[in-house]
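Here is the structure we will look at.
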């Protein structure tokens with residue numbers, strides 16, 4: 001069958017009329033070099049700082065260096081199969097992570113993908129990992145406590161909701177233990193917790209998760225993990241991802257606690273990325289913006305006022321303030337708190353808990369050094385009873401340290417000095433506490449009351465720990481109603497003082513100390 005020219009032209013016209021062009025405009029570039037997780041891309045003229053770049057194989061990179069004729073980007077995930085000449089695309093998006101209550105009780109990676117083998121994560125949407133911190137007008141002063149369950153911290157270095165309290169010390173001084181106990185103590189407080197593990201061994205993190213589960217705290221906690229074997233990019237981004245998950249609760253009028261364990265490793269990961277991107281190194285080879293790295297993260301921990309929460313939730317939540325409390329951890333080298341990263345984070349935070357190797361090795365655990373540990377805003381958040389009873393503890397320890405140094409050279413000491421030394425030794429013993437054994441406000445108050453009002457004067461130093469354990473057990477058994485009242489109100493008046501005195505007097509009659 002032959003077609004004449006008219007039929008052919010009609011057929012072509014018909015085909016042209018039916019042809020449907022689906023146009024997809026995207027900014028495309030070409031990889032010009034790949035090395036150590038860093039790619040250089042030519043041709044992405046419209047890329048933005050921090051934008052996600054789509055790579056072959058459903059992977060992404062983040063644009064960090066925008067140069068005249070190329071873009072330096074860091075790959076999130078494996079990069080061994082990337083090669084020069086491969087095409088990449090702009091996405092027009094910045095990195096987002098899943099947020100919501102469905103993440104509680106789960107272990108996720110930096111990108112929010114589950115790694116605990118419990119199936120997919122339920123989320124209430126996505127949040128960008130980088131967010132601007134609330135402004136001054138949107139904040140409210142810190143006046144509600146976060147109880148860590150540690151006598152030494154809650155009495156001398158109190159932490160408030162919305163505060164940033166640095167935990168700093170050498171390796172193996174109990175920094176993680178203190179933070180984990182603080183999370184365990186929030187089981188019944190209603191405070192949601194986020195634990196961000198940066199650059200740690202997978203076995204260490206598995207142990208932490210197991211402990212949280214054993215003590216019933218995992219259901220209240222999101223664990224964000226970037227292990228030592230993961231890329232520097234994921235270690236650098238993990239704290240921001242965890243912070244976005246914590247902000248979900250803060251912005252909805254709830255309270256959250258986030259632990260960054262630890263920011264020293266994040267700074268090292270960021271230094272690695274910066275050096276590979278050929279950014280100019282500064283002090284200790286860190287880049288010039290390492291202060292901004294931590295300040296923009298820690299400023300997001302805040303207590304926001306009811307107006308902010310109401311505006312954010314579009315009127316769904318009224319009259320409630322929200323808070324995100326941060327416990328960043330920094331590891332020092334041989335107790336050097338004057339190094340670059342420690343001094344940066346000390347200047348950003350609202351106080352620090354300094355843990356000392358010497359104290360830890362001499363059996364004083366938690367190894368808190370009360371001399372240089374401080375809480376700049378937490379005092380306003382302390383409960384009345386703790387504020388009233390904790391004042392003498394810090395003074396007693398300060399006097400004891402001064403006299404202990406002096407008494408090494410003086411052989412004959414007067415009675416007053418001996419009493420102060422003895423009292424200081426007993427208070428030091430009293431502040432010792434086992435791991436995974438947080439104490440309630442009432443239990444702490446009872447123990448501090450005993451020290452403050454001289455009930456330990458006739459107790460031998462060696463028996464102080466057993467005296468405390470027996471006293472707390474006796475009070476829990478015989479006076480649970482009073483302890484519950486103190487836990488609920490936190491008040492201290494003549495009536496409560498009289499009852500506490502009565503408990504101690506009757507307890508001391510039960511056996512000789």
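The backbone N, Cα and C atoms fix where each Cβ goes, and this holds for glycine too.
The ATP binding site annotation in Swiss-Prot covers 169, 170, 171, 172, 173, 174, 175, 176. Per Swiss-Prot, site 'Required for activity' is recorded for 373, and the stated evidence type is sequence analysis.
Overlay of Swiss-Prot feature records on the structure.
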{"residue": "169", "record": "ATP binding site", "DSSP (3 states)": "strand"}
{"residue": "174", "record": "ATP binding site", "DSSP (3 states)": "coil"}
{"residue": "373", "record": "site 'Required for activity'", "DSSP (3 states)": "coil"}
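Cβ neighbour density within 10 Å is lowest for 171 among the binding-site residues 171, 175. A distance of 15 Å separates the Cα atom of residue 173 (ATP binding site) from that of residue 373 (site 'Required for activity'). Neighbours of the ATP site: apart from 169, 170, 171, 172, 173, 174, 175, 176, residues of the same chain with C-beta atoms within 8 angstroms of the site's C-beta centroid are 331, 355, 357, 360, 367. A gap of 18 Å separates the Cα atoms of residue 172 (ATP binding site) and residue 373 (site 'Required for activity').
The Cβ of 174 has fewer other Cβ atoms within 10 Å than any other of the binding-site residues 169, 174.
Looking at 172, 173, 176, 373, the recorded positions in this record, the fewest other C-beta atoms within 10 angstroms of the C-beta turn up around 172.
Residue 373 (site 'Required for activity') and residue 169 (ATP binding site) have their C-alpha atoms 11 Å apart, to the nearest angstrom.
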